[in-house]
Amino acid sequence: MVWEMLLYFYILYSPDWHYRSTMPTFLFFYGALYAVVHALFRFGFGFKVHYIILCLLCIPRMYKYYIYTKDVSAKRLAKLYVATLLLGSICWLSDRVFCKEISHWHFNPQGHALWHILMGFNSYFANTFLMFCRAQQREWNPKVVYFLGVFPYVKIQKPKSQ
């Protein structure tokens, strides 16, 4: 999850970074150091706070891309990203807070499992939206198309080089 957020951070902020090789190198070493420290000390609460901070750092730029995107399908991807993030968070939080009560129900909705499923879709929608934005920055004429009419993906047509 942390590597994913570092990748988003790179995609979102790299166009404005003046030293092109510095940012990916820093993010790689930051992620590697965090992985080692997390493996040694097993932060529970600290991991969650760290992840939330990384998410909050990405929100302003993601919002900027959302505002400047004119394509309705791309905006729908961003909305699906936020919706799955919120629904997944609600499922996870309700499972954590109401675990004892929910375990006595006839049917257990498995909030933590739903969180994993929704976060998988969340990652997919975020990656697809960011791919669209990145292709748009590079003037590659991106379009959101749907596989089997359901699964969105970005089709890119790079300009022909002469």
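The first residue you see is number 1, and the count goes up from there.
Backbone N, Cα and C atoms are what each Cβ position is placed from, and that goes for glycine too.
Note that this is a predicted model, so its numbers are computed, not measured.
TrEMBL annotations:
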BINDING   HIS112, HIS116  Zn(2+) binding site
TRANSMEM  27-59  transmembrane segment
TRANSMEM  80-98  transmembrane segment
TRANSMEM  113-133  transmembrane segment
Long-range Cβ contacts under 8 Å made by the transmembrane segment (113-133), restricted to residues 6 or more beyond its ends, are 1, 4, 8, 11-12, 62, 65, 69, 71, 74, 77-78, 80-81, 84-85, 87-89, 91-92, 95, 142, 144, 152-154
Same-chain residues at least 6 beyond the ends of the transmembrane segment (27-59) with a Cβ under 8 Å from one of its Cβ atoms are 1-3, 5-6, 8-10, 12
